[in-house]
Structure formats: C-alpha cells, structure tokens
Amino acid sequence: MVLTAATCAAAQLRRDYYAGACPNVESIVRGVMARKVQQTPTTIGATVRLFFHDCFVEGCDASVMVASTGNNTAEKDHPNNLSLAGDGFDAVIRSKEAVDAVPRCRGKVSCADILAMATRDAIALAGGPSYAVELGRLDGLSSTKSSVDGRLPAPFFNLDQLNKVFAANGLSQADMIALSAGHTVGLAHCGTFAGRLRGPSAPDTTLDRGYAAQLQAECPASVDPRLAVAMDPVTPVSFDNQYFRNLQAHRRRMGPEQRRVRPGLRHRRHQAGPGRGQDGGGPRQHTPQLCSA
Ligand code: HEM
C-alpha cells in the first residue's frame, strides 16, 4: 500500500523475510485478526488508524506501541494519539503472543511487521482488497511524545496543511486523498467534530443541512465525550468507496441506506488504547520486542 511504501522504502523489505524463521507468520496473524474482528468489529478501524499514526512518526516501527515510563512520555500519550482505540493495540499484542507461542517464531517477528500484516488483514476482513506485505521492519525503541508534534494531521487542517504533513512522508495530494478513504471504516468521537455543529461558525455550511441536523441529534450538546459514531454510516464496517460517495453528497451520515447500519455500530463508547507497550531505549533493534509491557 502507498502508506507502507512511502514510509518504509529505505528498509529493504521483502515478502519472504520470515520464510526461514517463522514460515507461518502470516496465517497466524490472519487467524488472530479473524477471531478478533468477529468478536469486536471496531478492531478494523482501530488497527488501520494505529498503523497510520505509527508510520507517520519515525516510520512504521511500532514505536506507537511503546509504553511511557517514569522517565519518558511515549508517542501513544501524545494528545493526537489518546483517541487511538484499544482494539488496535490489542490486535497487535494478541497477534504477537500467538506468533511467539510457536517455539521457532519466538522473538523473531517484529511488532512493526505484525502491525503491517494486521492492518492488511483488517482491511481484507472488512471486504477490502488483500495485498502482499513486504516484511523485515525493525522495532523502534525510541518513542517520545515530542516526536509526534506536527507529524499527524488535525481535523481542522486546511488543504495546504494536510498536503504538507503528507509531503513530509513522501506522499502527494492524490495519495493523501486516496488514503483519507481509510475513513470508510471506523468511528469518530462526537467531540471531534462538535465545532462543526455548534459554536460561532456552525453549522458548517459545507455539510448537507439534513446531515448536519442528523449529527446534531446523534451528538447532542451534553453528549458523553466517549460517545463515537461511524465515519461512514452507510457501510460502517465495509472497506469500500462509500466514503467518497458520502463526500460527494456532502453528507457522511445521512441517506436512504441509513437503515442498513448495523445496530450497535452507529453509537459506541470507544475506549482509548491500553497502557501496554514496550519500553524505550535505542533507535531501532533487530530483536523484536513484545509489543506489550
Ligand atoms: C487526511 C488527514 C486525516 C485526518 C485529519 C484524520 C483525522 C481523524 C480523526 C479526527 C479521527 C477521529 C478520531 C476520534 O474522534 O476518535 C480519525 C479516525 C480514523 N482515521 Fe483518520 N485522519 C486522517 C487520515 C487518515 C488516514 C490516512 C487513515 C488511514 C489510511 C486514517 C484512518 C482512520 C481510521 C480508520 C479512523 C477510525 C479509527 C477508529 O475507529 O478507532 N485517517 N481520523
């Protein structure tokens, strides 16, 4: 995928990287992801976003998994990462545990590669394309809150700001638009877009009026800040191009197909990521970490 290619180009990755050390790694991760997605469909969006936030800060090195310590506040505790959902972290941790349960694989597969594979599998399990993932990433040991500053896009960014953040990762505006379609799955907290619904410059006039009213009803002013709603209310757990259709209609959460939204997926309290991760240290290492503290 574009994201992986742009951020990992220098690492000399290859598809058969684990052919000798852990030949079944892909099927192990796929099996864990299939079970986890079936139990908790929110895993799909959570994993895709976790990979994106990992790759844009110091490359795809799983440094977003690293836990803060008494001496260091890690990436995951930067304000931009606090809304990363726990199911993404959990998916990687469970996959790593399953891989390490196989004696010949123990300690051989990096968390960074597992996150890349898990993301591919989440997309495929959501009905999206499957694709070959090149492997051989090293786990990052350095993970600091300050390294996240300015690296991730904020929801209020204008086009120039978005282009700049993506260009810093070797990605074009077209790449940015294509990758934004990751929002075809997953959830957003009401508080994230409350400014478009209420306040001095609200409602946002670029929104379909009916859609804005719908959002206001689903995210009332007194809403629990943990309440999250589907990014794509039409096909919330399908990795498809509905995101672009919604955009063209200026409404991402309205339309005749709304009844197709599965009950329980439109509103969900989203839990932020778990406190489990690896400790910081040097820049990157060949011996993979545990993905959990
Ligand atoms: C273009 C710039 C982007 C901006 C401004 C942006 C912003 C956001 C925001 C504000 C949320 C909701 C956070 C919350 O309320 O909890 C979100 C969620 C999400 N983003 Fe992005 N994002 C961008 C690009 C991307 C990219 C490139 C991907 C992946 C290819 C992606 C995948 C996701 C996913 C899957 C979710 C849902 C997460 C979940 O369900 O837990 N985003 N994004």
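The count begins at 1 with the first shown residue.
In case you wondered, yes, glycine gets a Cβ from its N, Cα and C as well.
No curator has checked TrEMBL annotations; they are predicted automatically.
What TrEMBL says about this one:
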type: DISULFID; residues: Cys22-Cys105; note: disulfide bond
type: SITE; residues: Arg49; note: site 'Transition state stabilizer'
type: BINDING; residues: Asp54, Val57, Gly59, Asp61, Ser63, Glu75; note: Ca(2+) 1 binding site
type: DISULFID; residues: Cys55-Cys60; note: disulfide bond
type: BINDING; residues: Pro153; note: substrate binding site
type: BINDING; residues: His183; note: heme b binding site
type: BINDING; residues: Thr184, Asp232, Thr235, Asp240; note: Ca(2+) 2 binding site
type: DISULFID; residues: Cys190-Cys219; note: disulfide bond
type: REGION; residues: 249-293; note: region 'Disordered'
type: COMPBIAS; residues: 261-271; note: compositional bias 'Basic residues'
type: COMPBIAS; residues: 274-283; note: compositional bias 'Gly residues'
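Structure coloured by features recorded in TrEMBL.
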{"residue": "Cys22", "record": "disulfide bond", "Cβ contacts under 8 Å, 6 or more apart": "Ile28, Val99, Val102, Arg104, Cys105, Lys108, Val109"}
{"residue": "Arg49", "record": "site 'Transition state stabilizer'", "Cβ contacts under 8 Å, 6 or more apart": "Leu84, Ala85, Gly88, Gly182, Gly186"}
{"residue": "Val57", "record": "Ca(2+) 1 binding site", "Cβ contacts under 8 Å, 6 or more apart": "Ser63, Val64, Glu75, Ser147, Val148, Arg151, Leu152"}
{"residue": "Thr184", "record": "Ca(2+) 2 binding site", "Cβ contacts under 8 Å, 6 or more apart": "Met231, Asp232, Thr235, Ser238, Phe239, Asp240, Asn241, Gln242, Tyr243"}
{"residue": "Cys219", "record": "disulfide bond", "Cβ contacts under 8 Å, 6 or more apart": "Cys190, Phe193, Ala194, Leu197, Leu227, Val229"}
Can you tell me which of Cys22, Cys55, Val57, Glu75, Thr235, Asp240, our recorded positions, come within under 6 Å of ligand 1 at the Cβ? none
Given the binding-site residues Asp54, Pro153, His183, tell me which ones have a C-alpha lying within 10 Å of the C-alpha of Cys60 (disulfide bond). Asp54
Same chain, not part of Thr184, Asp232, Thr235, Asp240: whose C-beta falls within 8 angstroms of the C-beta centre of the Ca(2+) 2 site? Give them in sequence order. Val185, Val234, Pro236, Ser238, Phe239, Asn241, Gln242, Tyr243
List the other residues in this chain whose Cβ sits within 8 Å of the Cβ centroid of the Ca(2+) 1 site residues Asp54, Val57, Gly59, Asp61, Ser63, Glu75, in sequence order. His53, Cys55, Phe56, Glu58, Cys60, Ala62, Val64, Gly140, Ser143, Ser147
Determine the most Cβ-crowded residue among the binding-site residues Asp54, Asp240, using a 10 Å radius around each Cβ and all protein chains in the structure. Asp54
Let me spell it out: for each of the disulfide-bonded residues (Cys60, Cys190), count the other Cβ atoms within 10 Å of that residue's Cβ, using every protein chain shown. Which one has the most? Cys60
Determine the most Cβ-crowded residue among the binding-site residues Glu75, Asp232, using a 10 Å radius around each Cβ and all protein chains in the structure. Glu75
Write down the Cα-Cα distance for Cys55 (disulfide bond) and His183 (heme b binding site), rounded and given in Å. 17
Could you state the whole-number distance in Å separating the C-alpha atoms of Asp61 (Ca(2+) 1 binding site) and Cys55 (disulfide bond)? 7
Which residue, of the binding-site residues Gly59, Pro153, has its CB surrounded by the fewest other CB atoms within 10 A? Pro153
With a 10 Å radius around each C-beta, find which of these disulfide-bonded residues (Cys55, Cys105) has the fewest other C-beta atoms nearby. Cys105
